[in-house]
């Protein structure tokens, strides 16, 4: 897969037109690369910053073929790309990441199997194919557990709590009777993620481990540094690298993990793998010489990976639904970096933007307070 | 001129499609604002990141009217906008900056007169209308002097050295016999610039003073902090504010100045005023919470001005003509922030991109070396 880097002026195709595609397109433009965004929704936020646009279904092979003809490489802002779509594109031009990264990461069961094969710990899990299987799995796993669809879950969607076998069949119905995985709930001390980037030649770099808080299944804040030990952080980065290597991944990937703590001892369980730029890496735009978006574009274009060094503490807060109505106050907050995604409609649960606040680097263990800004 | 801020989703029109328009469009997009770029050149770099594009002459009133109808405010990436163009636009929607900023700053003589009226020092100068006037002016001013066209000069174009009255007529011919200004050359210790931003309500903020080096009339590097005294820096910022106030300016402006030094005593002479984002402010993208581009967009949209605080030392180097061929090496330099403008053809003297390197903030007097990177 190693090849000459794409020269400035080349066109990167991006499948998906949301905020991740939008920030990818801007990072590409900074490097003198053009982007062509492909998305079925004519109101896609990424269209506003792309040199070329295709509005078509992901399964429209005529449109895909024309799109491929106008691009020098293709990437994805989301993992739920139909296999046939990847096949059509990858027959015509480099697609980064490749089919294996997408196939594994769009199926929760495949993710678990990959971790198991690599000897990377996860919460206990069992596959669930039907209502009876849900009951049997719930009888086996410690309670409480959580039933998650294998495919198409995001932001807490496609999940249901299972407090024992008698509740399992209802939970299975609640998630639409989809093939799924039952996972034991773990008493984690905190959730963290690693944003790593892997080049086609196997080079790898990771940003500092991020500590994340979710509300109602949706990411609320990410902060760096994570309040975990240095050895734990190193172990987390090593896990991300092993996963990226095993996938032959090219580009950024985000690996979410639970941190368990007993006394002074911390351990990690992998929760989810996203073969793409990740919401928990948005702080890299302000706090690093090159953001996760630039890192991904560089990997896709075959350029050298950037420095992933962090130059400031940071806290990123998502603006969800009506949160973005506070844009005027946020714009008036000195030093708060406000990002709005240009979405026309603020539906509940919809990510409308985010704000990143930088803090001092001096003391990495010092907690940041919400009101603390502009003090780097 | 004070009005409600333009809400996210509004469209800012940008006249001019070069790298300044491109970076303005990206800054607007970050804030959830759409951009419509208007430029006669179909290959304009800013088109690649704009939501809407118009390819038409600046004097095409039909196109201007349609453009105005699709925008909520209009701004400019260059000052040489025909007066009639500004008139057509400003009759239809807010144009920021306004006609006065553009009229004064597109005419070197008007700039000198403004400074004189404000009691702001410049090099000695005399207006030149014809060859005879050039000779007379050269006989009056100290030699050597430099003849500069009143209009349309940039990057050292439209300038000729005048070493005494006998050379003046040739110099006048060399600049095409255009109405011009003869300026005494000054033995400056260094060149600096102030990037300031003024809001419609008169609020003003300035970034740290930048020290600039030119080669063959074209900006080569900008560095902050400038190696000048604190009082000189404060005086420079105050000059920029007085000029902005006198123009009723809205948006960013760049004021270039010469620093004269005699012993411990420094003084300032204003050289040039640019009523727009400025090449010597590109370092603000990496070294400040909000760049000059965001500052300008905020002023144009009626949003609060951002913090102009600097969080790192920086050195920006322009990539001119064939310099950009080194993109692969620059991309491999850890921590160097590479910007390429997406221009298809690398003509000599053409600005193709720039690279910003950050250094430590600890010691503001410490010189940065060219090879010093990634050590913030």
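Backbone N, Cα and C atoms are what each Cβ position is placed from, and that goes for glycine too.
What TrEMBL says about this one:
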BINDING   B:108, B:148, B:153-159, B:183-186, B:191, B:214, B:271-272  ATP binding site
DOMAIN    B:112-301  domain 'ATP-grasp'
REGION    B:351-376  region 'Disordered'
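In three-state terms derived from DSSP, residue B:271 (ATP binding site) belongs to an extended strand segment.
Confidence in the domain 'ATP-grasp' (B:112-301), given as mean pLDDT, stands at 94.
A sphere of 10 angstroms centred on the C-beta of residue B:157 (ATP binding site) encloses 13 other C-beta atoms. The Cβ of residue B:186 (ATP binding site) has 16 other Cβ atoms within 10 Å, all protein chains considered. Residue B:183 (ATP binding site) counts 23 other C-beta atoms within 10 Å of its own C-beta, drawing on all protein chains shown. Neighbour count (other Cβ atoms within 10 Å of the Cβ, all protein chains): 20 for residue B:271 (ATP binding site). There are 14 other Cβ atoms within 10 Å of the Cβ belonging to residue B:154 (ATP binding site). Annotation note: residue B:108 (ATP binding site) sits in a helical segment as assigned by DSSP. In sequence order, B:148, B:149, B:150, B:151, B:153, B:180, B:181, B:272 make up the list of same-chain residues 6 or more apart from residue B:108 (ATP binding site) whose Cβ falls under 8 Å from its Cβ.
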